[in-house]
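A quick write-up on the structure given underneath.
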Amino acid sequence: MTIRLYDTKLRRKVDFTPLVEGKVSMYVCGPTVYNRIHIGNARTFISFDMIRRYLQWRGFDVTFVQNVTDVDDKIIKRANEEGRTAAEVAAEYTEAFIGDMHAAGVQDPDVRPKATEEIPAMIELVQRLIDGGHAYEVDGDVYFAVRSYPAYGGLSGRNIDEMEGGHRELRADGQGLEDRKRDPLDFALWKAAKPGEPSWESPWGSGRPGWHIECSAMSHKYLGLPFDIHGGGSDLAFPHHENERAQSEAAWGCTFANHWMHSGMLQINAEKMSKSLGNFMLLYEVLETTRPAALRMLMLQTHYRSPLDFSEDRLAEADAALTRIENAVRNLDWLASNAVDGAPDVVDAAALGAQVAAAREAFAQAMDDDFNAPAALGAIFTLVGEVNAAVADKSLSVADAEVVTTARDGIVELLAVLGIQLEDDQDEGAAYPPEVIALAADLAGYGGADAMEAVEALLEARALARKEKNWAVADGVRDGLAALGFTIEDTPQGARVSYGA
Ligand SMILES: [Zn+2]
């Protein structure tokens, strides 16, 4: 089966054929490091992490490059406000960004170039554009001559002649002194140094690169041209990506990115997220009260290209859905590890095996169709329901346990392909109240300091007491655990305990 993806430039889904068989080269624009990232940015990075993980699962060797824009007007402004250097501000928020990405379960890129460390490649590219007649220098500034690249506007679906009326948009973005440009559409490749700003020596005097040229230089250097997929949030399609493409194709005379992919915007309670509306949410603040897997579940329940509506209610629903899967997996683990020797086989192995195979097929079909994660999650939920039904009210034989474990592993694997990591039992034990250790010392002679072990010791002591009809001890264990928030359920396979919920 072929993966199909929606290509922004072609405005339709196309078959994805990598340039080099078995390999995928991807470039996704990274953050400008002047602040902690908000959850709208996080959606972009989580979307492309999902896409990357799926390509890897499908067997592609993916090279993923993501830059850090660590010199920029916003960084300089913040540094001036705080009496620090731009480099200090950039270093602080680069580190914070990497920490936020790790906290959100986003894989590190293979290469994470920083703009300030790639200045020679940018100067070389600007010079190449000047030499080719695509750029010109005015008093230390260098501008790209937009009309020298006839395909300009083709990525974002704009007509260059209709942009004349819209050039205010370009004028307002602080790209430089408007009266220096030959054409209002032209944009800065290199900006002459102003006092107090970070600057580098260049053939045009000291200055710093424009934003767009950074990505053109870094993607060329680390991936070569053309590369397979260029990604980013849909707000970057114009002018940033349009400009990256114009510069790169004008300079090198070949295709820049073979495919363009853009993730949709995020809204809060159906409103655009903005500082003025007071609904601006930073990723790290959301993760203070939300499990990363629940945030990802919420995000992947909407197709990556569609607008995503973020709300506390939807987050709670996503968390509940995640908890249902976790409980199902724990239940399967418990049933399998408490399988009864010599018991009759009660699970229809052929039927369950077919359901697992069908779920994997449905998952791959959904993801092959432009990374339809909501449909892929649907396939996983269906399988969870089927496995739950197959084992309900049953004591498993050893053979059953094997079949059930295969199904359980399938659920965990497919979720991990989407980047949703289930909490393991270790985490469950970590949530137990520490008082259970003292209770186990009292009633079960437990001498350790591990809450999970303490609960196991208490259950063993209770089982022994019940066998000996020592009801005082058996009831004492049950009541002591209940007082700490545990529930004991007696099943044909022995007692099992749950905490909370
Ligand atoms: Zn970029």
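Even glycines carry a Cβ here, placed using N, Cα and C.
Feature annotations, courtesy of TrEMBL:
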BINDING   CYS29, CYS215, HIS240, GLU244  Zn(2+) binding site
BINDING   LYS275  ATP binding site
DOMAIN    362-429  domain 'Cysteinyl-tRNA synthetase class Ia DALR'
MOTIF     31-41  motif ''HIGH' region'
MOTIF     272-276  motif ''KMSKS' region'
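Feature annotations (TrEMBL) mapped to structure.
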residue: CYS29; record: Zn(2+) binding site; CB count, 10 Å: 23
residue: CYS215; record: Zn(2+) binding site; CB count, 10 Å: 30
residue: HIS240; record: Zn(2+) binding site; CB count, 10 Å: 17
residue: GLU244; record: Zn(2+) binding site; CB count, 10 Å: 26
residue: LYS275; record: ATP binding site; CB count, 10 Å: 8
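Apart from CYS29, CYS215, HIS240, GLU244, the residues listed for Zn(2+), the same chain places the Cβ atoms of TRP211, HIS212, GLU214, SER216, HIS230, GLY232, LEU236, HIS241, ASN243 within 8 Å of the centroid of those Cβ atoms.
Within the set of binding-site residues CYS29, CYS215, LYS275, CYS29, CYS215 have a CB atom less than 6 Å from some atom of ligand 1. Counting only the Cα atoms, the space from HIS240 (Zn(2+) binding site) to LYS275 (ATP binding site) is about 22 angstrom. Ranked by Cα separation from the residue listed as 'ATP binding site', the binding-site residues CYS29, CYS215, GLU244 are led by CYS29. Helix first, then strand, then coil: DSSP counts for the domain 'Cysteinyl-tRNA synthetase class Ia DALR' (362-429) stand at 51 helix, 2 strand, 15 coil.
Per-residue confidence over the motif ''KMSKS' region' (272-276) averages out at a pLDDT of 82.
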